[in-house]
Amino acid sequence: MASSSSPSPSPASSSMENPRSKPNPPSSSPKPPPHLSTPPRVQAFSPYSRTIYSDRFIPSRIGSNFALFDLAPSPAPPSSSTTSTSDSGREDFGSGSYSALLRSVMFSPGTPDAASQQRVLSSSGSSSSSPSSSSPFATPSRNIFRYKAEIPRATRRSLFEEDSFQTVSPSNSKGPRKVPRSPFKVLDAPALQDDFYLNLVDWSSHNVLAVGLGNCVYLWNACSSKVTKLCDLGAEDSVCSVGWAQRGNVLAVGTNLGKVQIWDASRCKRMRTMESHQFRVGAIAWSSSLLSSGSRDKSILHHDMRTQDDYISKLTGHKSEVCGLKWSYDNRELASGGNDNRLFVWNQHSTQPVLKYCEHTAAVKAIAWSPHLHGLLASGGGTADRCIRFWNTTTNTHLSCMDTGSQVCNLVWSKNVNELVSTHGYSQNQIIVWRYPTMSKLATLTGHTYRVLYLAISPDGQTIVTGAGDETLRFWNVFPCPKSQITDNLNNIGGTSYVRSYIR
């Protein structure tokens, strides 16, 4: 460590920094003391030469391997016109030429900087058009440094605009992410219905999976793999939908007879039953203490768990069965899809839709709100439509459309990255991971032999579970872990090896 009273660098230090400097003629002055002696003159590049440093650390480049980076010194002709030696012992290449050479080494030949430096070198009075012919350094075969292109100003500005939907995904800079192509766990789910209009799978915030099988609801604990039978509706009724409350262990169950039951899953006890629908309840969505249910009777009912009334308001507008319901993340907007090919958006107090979208040409069951951008809504159409459409509910605009070539059964957005998953029925029965907003495919997952009608995402946002008419539930690792998570540990639901078991 240098102190304020340290002497100035000696000529020996300058010689070490420029190993090719010519040795000074011997001096007749008395020999200095041993602790201030200059290092021995090195005549060749030898890694075994001993170097003595003074109290100020100045690194020696004698043992540097310049050939590793194609920067080994080229033999210079003995003429004095090629290089000149200054009084300080350094070779003078000209400040402009040396700067141009340095920039040409650091930047690729195709960049404007390198091209301009090539012109500077060619016009600096050298006899050859190649910079290497007039330079003591050989031109490198590849770049030492690689620079990323600067983000355009318009793109940088859009990253901070609240209403911008064309944002840059963080995963774009890292290239395509690898997604495992096979499930790491499979559960057999006997009597899982092959019905497009039902919603029989949901994953709670406490890592418990609820599945409706026939007239029963089963709970599968993802941490312990324990299976619990929650309820049995009897031979006259069957389960049409299940939905966990946003917090806690409260589960809503919609039945074929138009009933909505509220269960305490921790105690396996039914809390209340509401019988206001006339036909089956195929869609359920929670918003804090408010539960919304959609039915084949074309209506949507709001049930407040804090009151004794069966429902507090009724939404009308659909002309056919309501098969899709999703509340936005801020609980201000409710999106509903029906068998009438309509997508409606409702606010907290409206009984009529505030936004109506009629572009789909088939039933709209797949609905997903973006957790990254306020007002961004995705919807998918059935067999005659096969399209995923994106909407800005803030400005009431249709953003884009993607033809998937297959029936869209479900959509879910990743909470960790700007990506989403779609599951499909006729005729591919596949699962596709998309990057938004480019809608480029990250992965296409296959394995189900029937329509992939059911979809839920784990609480950590990394794993999805899919259900199909082949009576299986398959677990896939499709999304990366949250950025705040330091280690990429395995999910609590098991390892990456293929496991098959029964849910009952």
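Placed from the backbone N, Cα and C atoms, the Cβ positions cover glycine too.
Keep in mind the model is a prediction, meaning the values are calculated, not measured.
According to TrEMBL, the protein carries these features:
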REGION    1-45  region 'Disordered'
COMPBIAS  1-15  compositional bias 'Low complexity'
COMPBIAS  22-37  compositional bias 'Pro residues'
REGION    68-95  region 'Disordered'
REGION    109-138  region 'Disordered'
COMPBIAS  122-136  compositional bias 'Low complexity'
REGION    162-181  region 'Disordered'
COMPBIAS  165-174  compositional bias 'Polar residues'
DOMAIN    187-476  domain 'CDC20/Fizzy WD40'
REPEAT    232-273  repeat 'WD'
REPEAT    315-356  repeat 'WD'
REPEAT    445-478  repeat 'WD'
Apart from its near flanks, which chain residues at least 6 from the ends of the repeat 'WD' (315-356) lie with a Cβ under 8 angstroms of it?
-> 196-197, 199, 279, 282-288, 292-296, 298-302, 362-369, 371, 374-375, 377, 379, 381, 385, 391, 393, 396
Number of helical, extended and coil residues in the repeat 'WD' (232-273), per DSSP | 0 helix, 23 strand, 19 coil
Counted with DSSP (H/G/I as helix, E/B as strand, rest coil), the repeat 'WD' (315-356) has 0 helix, 20 strand, 22 coil
